[in-house]
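Annotations per TrEMBL:
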- 6-27: transmembrane segment (TRANSMEM)
- 60-81: transmembrane segment (TRANSMEM)
- 93-114: transmembrane segment (TRANSMEM)
- 126-149: transmembrane segment (TRANSMEM)
- 155-183: transmembrane segment (TRANSMEM)
- 246-269: transmembrane segment (TRANSMEM)
- 289-306: transmembrane segment (TRANSMEM)
- 327-347: transmembrane segment (TRANSMEM)
- 367-384: transmembrane segment (TRANSMEM)
- 391-408: transmembrane segment (TRANSMEM)
- 440-459: transmembrane segment (TRANSMEM)
């Protein structure tokens, strides 16, 4: 990092942290007590603070990583500063831990952008800082910085694990992946993703050698055609069935294999992935979740995905391959028809944005969910088009992880999309400075509206005196 870039980054992260502290004070002043899922998380952390480690709320679905780390941070700080009484492990203090995670996420996002795009000399230090700042204030993640939720810590350990993987420190990466798993069990998918990065790199090297042997440059230049995909899949199967190559891959990825094995042991002993409240968190094949994720990504990454040139390119592709797109449309319509599920939480809680998205869009008419399929297809095509700089093996690996982390979820919840979105966004090419500024301005606007509604547009339920806020 050059000196000017170091000063710029220090100024950006310090300024962002200061503004976050001011916003944190406003949120804590307006909402002093636990809110929403905090009514489960805060008492559980406070029980751990008082040494009651065997106490457990059966409504909590995640492992105790957040509470253990909170005690590990708060208790020493209280001892050093002489804090006693109710201030120790208070709601405000527990929430502040996520503010620290937010600053850590900013730093990790910057380091990841630097590492992933280090070969692109056209990217300036200012663009890296700007992109890291944009992702650090990504609205769906940033909002939960100010509440005692698992999301900021979950993202922190997963991004840290990914960074260590990219630097080849796989034992450290697996250990950090375990920490992420302790925050949210589905993070095991991103441990598989880290292992997949190693495998994809080896596969890409072997594929290049294969092309050189056959002196067939057409395959690489026409990446994406059906015949090329068939040959790549054939090569993939042959490579993975080779005992010698499997031994090599196992030697490289054994820390991740150990962690994934421990995960399966946990699932067997626990009788499932979810720790508590299993009746409300049943796994199912909810394929439209992939379409919702693509729509979510299209909304938050519109400067990357929704451009006039991409629309023209998509229409040209549509005209060239009508049969393939017709087949994709039929399959998508079938998946929407047979695999659309509506969770009871989605319909019951009018504090969540998803409640209004579902009611205002999907419940307007029975045909709406089918009429949205063309938009899903465009979003999917544009999404894949932005990843064309990555190897085909990386794309296949990411897509498998994306399916694994979204499809089994019955509940439409934007928080489930945070990590797959961030990893996607980190790996696509940089935009022009103008579009980067547009993206940042859009995120600031969404955050401003979100916090205004949360702080000022309160309401009451008929059967409750508690103040309700939009999430």
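Including glycine, each Cβ sits where the backbone N, Cα and C put it.
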I'd like to know if the transmembrane segment (367-384) touches the transmembrane segment (126-149) in this structure, counting it as a touch only when three or more C-beta pairs sit under 8 Å and are separated by 6 or more positions.
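By the criterion, they do not touch.
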Near the transmembrane segment (367-384), which residues from the same chain, at least 6 beyond its ends, have a CB less than 8 A from one of its CBs?
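Apart from its flanks, the transmembrane segment (367-384) reaches 288, 291, 294-295, 297-298, 305-306, 310-311, 314, 317, 325, 328-329, 332-333, 336-337, 340, 361, 395, 424.
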Six or more residues out from either end of the transmembrane segment (327-347), which same-chain residues have a Cβ under 8 Å from its Cβ atoms?
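Here the qualifying positions are 280, 284-288, 291, 354-355, 358, 369-370, 373-374, 376-377, 410-412.
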Counting only pairs 6 or more apart in sequence, are there at least 3 Cβ pairs under 8 Å between the transmembrane segment (93-114) and the transmembrane segment (60-81)?
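Yes; at least 3 Cβ pairs under 8 Å.
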If we skip the immediate neighbours and take only residues 6+ beyond the ends of the transmembrane segment (391-408), which ones have a Cβ under 8 Å from one of its Cβ atoms?
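Distant contacts of the transmembrane segment (391-408): 186, 189-190, 192-193, 196-197, 199-200, 203-204, 207, 223, 229, 232, 236, 283-287, 289-290, 292-293, 384, 416-417, 419-420, 423-424, 427.
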